[in-house]
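Chemist: The feature domain 'ABC transmembrane type-1' is assigned by TrEMBL to A:53-241. Residues or ranges marked as transmembrane segment by TrEMBL: A:12-29, A:64-83, A:95-117, A:123-142, A:176-198, A:218-237.
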Amino acid sequence: MMNLLKRLQYPILAPLIGLSLWQAVVWLTNAPHFILPGPLRVAQAGYKNWESISGHALVTATEIGLGLVIGILLGVATAINLATSPRLARLSLPLLVFTQAVPVFALAPILTLWFGYGMGSKIIMAVLIIYFPVTSAFYDGLSRTPSGLLDLARTMGARPSQVMWRIKIPHALPSLASGLKLAAVYAPIGAVIGEWVGSSNGLGYLMLLANGRAKTDLMFASVFVLAIMTVVLHRLISMLANRVSAMAASGEAPPKI
Amino acid sequence: MTNAPAITLSGSYRLDQIPLFSDVNLHLQAGEWTCLLGKSGMGKSTILRLILGLEVAGAFTGDITAGDGAPIDGRASYMAQTDLLLPWLTLRENVVLGARLRGDTADLGRADQLIDRVGLRDYRDAKPAALSGGMRQRAALARCLMEDRPVVLLDEPFSALDAGTRADMQDLAAEVLAGRTVLLVTHDPAEACRLGHRIILLTAEGTQNWPVPDSAPIRRADDPQVLQGQAALLAHLRGAAA
């Protein structure tokens, strides 16, 4: 029991301190509630509008989830292709970096124009924002296979495809894992930007709506739900990523691909 | 291993237009151990990589041929200073890596025999992280035997081991690789004097044969001739370095 308390000490203490500071600012500045609502008011707004918030949260969560899956699959496939063909890599890496120089924010309106106000454009936004980190982290890992292992494989008369599956990919799993952790944090940003630019559903839409009607407490409640979703997603992906890294380091058998 | 070929490498090697070694004429006798010594950076490992057909940084002009006229590619296996075991595979899976990488079915029964032969029976299913440095080099040796190639090229495979383990590994390697054409690149005069049917020194001017003790390898570490030989060889190497 004492151990559990000790372990939970900081996870409990940190939010408490944060909430107290927040309340202190509200009291000290004497700000009206439509400028800065206190924590209690935000909690009340969240409770009162729970049905609406959870509905919008489900839409955003779906966009994030689908965006993550598609973005990760595309990123992994691209990285493997780049690692297989150095010529392709030399040709397309500068291109990839260039596309990253274009902020997704700038693309959001045109994506909405192309793919509509529904979930499609938001999913594509999430895919776009995570595709590069996943590709570049995994490609980096794939191109760092120790040369000794490649020499050994060469003397064994290995097939390139087998070297990829049995040596390069397992060796690059920890790099892929760090790309996945980044993706878990970026994907919600992509989805919410998409919702801001044009939609009738999702937490991003709800935030804009609440803000426009000076329902600042509802806006804060939506932000909190989004933040909690992102933290949970990051934790889940981190756990998965750490497992994958441990496998590659020595732990259990690698996934049978 | 009666079909082990002799191997001859003759030629010069330039790195960034600067000759690293010229007019080298290295002859590996069929079925014998040849030990190659020389200063660091002289190109010992390069020679080994050239015979293996691996990429090298510079340009080699000359010939690398097998005594029987057939290509060397596919007949040579390789052991490096590091064990090159894949950390996510068990010892047995590591031993059969070659077959897996070629897309063939792995002969697990034979792998187990070879693992027994290098004395790792109890560790078949262990991960490399659970093995000591000496055990990992034994595993690498088993993997090398699994490939069953008539030519074996060793790049300082025992240099990272402690003295006792190193002597054990030398005994084991000499036993299990008997009859194959072996090139051992080494820094250690004692190792060369124990293991070599012949000892060759690599210098910028080319190769030079060094006399070996009269007895056949593997020689006892405390054989007076071995001790004398290694002392003389060490003195020569130091003199050459000065």
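Just so it is clear, glycine is given a Cβ too, placed from its N, Cα and C backbone atoms.
Whatever TrEMBL says is automated annotation, not expert-curated.
Because the structure is a prediction, the values reported are computed rather than measured.
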Chemist: Restricting to the same chain and to residues at least six past its boundaries, which positions have a Cβ under 8 Å from a Cβ of the transmembrane segment (A:218-237)?
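Modeler: Cβ under 8 Å, 6 or more out: 37, 42-43, 45-46, 49, 53, 56-57, 60-61, 64, 68, 180-181, 183-185, 187-188, 192, 203, 206-207, 210-211.
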Chemist: Do the transmembrane segment (A:95-117) and the transmembrane segment (A:176-198) come close, with at least three CB pairs under 8 A (pairs 6 or more apart in sequence)?
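Modeler: Taking Cβ pairs at least 6 residues apart, the transmembrane segment (A:176-198) and the transmembrane segment (A:95-117) are in contact, with 3 or more under 8 Å.
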Chemist: Hey, which bits of the same chain come close to the transmembrane segment (A:123-142), Cβ under 8 Å, at least six residues off its ends?
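Modeler: Contacts with the transmembrane segment (A:123-142): 63-64, 66-68, 70-72, 74-76, 78-80, 82-83, 89, 96, 99-100, 104, 107-108, 111, 115, 168-169, 171-176, 178-180, 182-183, 186-191, 193-194.
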